[in-house]
Amino acid sequence: MARAISGLAYPDRFYAAAAYAGFDGSPNPSNQDIASRFSNDVALILYALYQQATVGPCNVPKPSLWNPVELGKWRSWQQLGNMVSTEAMRLFVKILEEEEPGWFSQASNSGLEPVTDVQMNHNSNVEPIIENGNSFAETMTIAAENGGLVETQDKDVVSEGLGSVVIYDQWISPPITGQRPKGRYEHAATVIEDKMYIHGGNHNGRYLSDLHVLDLRSCTWSKVEDKIGSKSVEPPSTVNITPCAGHSLIPWENKLLSIAGHTKDPSETIRVKTFDLQTGTWSMLKTYGKAPVARGGQSVTLAGTTLVIFGGQDANQTLLNDLHILDLETLTWDEIDAVGVPPSPRSGHAAAIHAERYLLIFGGGSHATCFNDLHVLDLQTMEWSRPAQQGEIPVPRAGHAGVTVGENWFIVGGGDNKSGALETVVLNMSTLAWSVVTSVEGRVPLASEGLSLVVGSLNGEDILISFGGYNGRYNSEVNVLKPSHKSTLQPKIMEGPVPDSVSTIHYATNPTRDLESEFEAGREGKVREIAMDNFESMKSKGEGTSEHILAMLKAEKEELESSFRNEQFLSVQLKQELADAEARNTDIYKELQSVRGQLASEQSRCFKLEVDVAELRQKVQTMETLQRELELLQRQKTASEQAALNSKQRQGSGGGVWGWLAGSSPEDDDEAENLI
């Protein structure tokens with residue numbers, strides 16, 4: 001062998017791996033050795049990738065259902081679609097290295113040489129790259145003193161930039177050349193055509209307005225000398241490049257859209273600025289409709305041709321949880337009044353779009369606390385839900401960054417009021433299951449707030465790239481992570497029924513989905529599972545009688561049909577129970593409305609009684625006043641009568657003496673008084 005296998009370039013490296021795995025280059029390689037060394041799923045993946053790399057996309061007829069082994073192999077190959085052969089080669093080597101990390105040395109000791117006599121249907125001039133084999137011994141990786149970062153030291157590894165990073169699920173700090181931007185946080189970043197753009201941010205309490213670009217192939221920084229111009233999207237307007245932080249940067253066509261953000265002199269509403277990558281000019285995008293109030297720390301997510309803006313904090317430090325949409329075709333704002341319970345007001349959260357339909361909101365913070373809740377908005381029904389999370393739920397955090405790779409949502413950095421978040425986590429957006437990818441130690445940029453995270457694609461592989469952040473100091477480091485196939489490849493090329501215990505977004509938002517389609521998928525998955533269980537046994541026994549195989553398959557078919565009928569019956573029962581529950585809910589709602597009506601009537605009657613009682617109290621007070629006046633008059637009357645009686649008595653006694661002297665009697669006096 002001319003050189004060590006670890007130094008082989010493609011396609012020789014792939015052929016060496018294929019020979020080691022048992023693929024001898026024949027059109028139908030022997031499956032017995034492969035099945036004995038790998039699990040069924042891995043064997044199917046390796047077979048499909050080998051066929052894709054050497055033959056091309058699957059165009060052979062579908063095997064008969066009576067041959068489950070060949071049917072399973074055909075389906076695995078078919079699911080790869082139009083994947084290019086070079087990518088299939090790299091994935092084949094990657095999976096083999098993760099299953100058997102020591103295959104390099106074993107292949108070298110056994111003297112295996114790559115098989116090159118296979119007819120290829122692609123260009124043989126494949127760009128050489130170095131893959132992850134016995135990487136920990138050959139790439140001379142060391143741990144940083146202040147944390148869990150790894151710096152690559154081998155020139156052969158870093159000579160091709162970020163595309164040659166060989167360690168999976170581990171953050172790497174690659175060598176970067178050029179004029180590095182100053183440290184910052186709350187900046188915005190995005191990737192267009194293998195270039196990462198960094199704009200704005202906060203440094204030492206001052207807002208920035210500079211624009212930098214990192215070439216992901218050459219790992220070189222350069223500053224974009226922007227200028228103000230009038231040539232922009234219709235209709236243009238001259239704009240000063242106002243320093244800002246907490247904004248969002250969205251790629252759209254051949255432009256960068258800078259949305260919202262905190263500024264020294266805030267405007268009343270959100271402004272959208274555009275940077276034309278061809279002319280190098282900034283301009284203000286004129287929008288229509290009622291624009292949202294100006295803010296920073298919001299999330300801006302691109303869904304098709306619309307931008308979905310949620311939350312943030314305005315210039316008065318008021319936390320928001322409103323929802324707005326900007327149509328990039330009509331440039332019209334629309335405020336959305338979604339149903340359901342929205343997330344609480346927050347900023348510094350992360351958002352992602354799944355299946356072009358669901359908006360996911362995770363984490364964020366208020367003035368007093370940080371969150372680790374997950375909320376989902378159905379963009380078709382505009383309904384909020386809060387589904388149950390599975391797996392290792394991340395600690396509460398704010399100021400983190402997130403990016404999606406397929407159906408996986410990677411979350412990096414952030415923290416609470418005490419410390420930064422050390423774990424890099426990933427959420428499978430279909431099953432809502434969390435898992436930890438890796439973890440760092442100490443006060444490193446990856447455990448800081450306000451960092452950025454983007455995804456780039458080099459040499460057919462996805463790479464996560466982080467920049468900046470604040471953890472007591474303003475960082476300007478670039479770190480990269482290459483996700484392994486366990487989190488990115490398997491959901492793409494392997495199919496299987498989702499466990500019943502796993503709550504998916506579809507369950508949370510549409511509980512009345514068609515159950516029969518699920519049972520069909522489960523039935524197909526079970527057929528494949530039974531076929532794979534019989535993979536090794538059928539091959540190891542050699543040639544069995546066709547009658548025996550036919551009888552076994554018929555028995556399995558009858559068992560599956562019986563199970564399917566039971567599932568259908570259960571489906572009917574569940575639908576009936578759901579209908580009964582809806583009917584009960586309708587009756588309860590009617591009763592509730594009736595009780596509400598009665599309560600309203602009682603409240604009205606009580607109000608009237610309160611009015612009557614108030615009037616009676618007023619009358620009682622009036623009667624008491626009249627009673628006191630009557631008593632006073634009666635006392636005055638009694639006093640007057642008593643005075644009159646006393647006066648009469650005095651007059652009566654005086655008249656009697658003089659009358660007697662004058663010879664008159666009291667009767668005469670009375671008669672005289674009556675006459676008067």
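Every residue gets a Cβ built from N, Cα and C, even glycine.
Where the annotation comes from TrEMBL, it is an automatic prediction and has not been curated.
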What range among 145-182, 525-562, 639-676 does TrEMBL describe as region 'Disordered'? 639-676
So which residues does the compositional bias 'Polar residues' (639-651) touch in its own chain, when a touch means Cβ under 8 Å and the partner is 6 or more beyond its ends? none
Restricting to the domain 'ACB' (1-105), report the mean pLDDT as a whole number. 75
Which numbers of helix, strand and coil residues does DSSP report for the compositional bias 'Polar residues' (639-651)? 13 helix, 0 strand, 0 coil
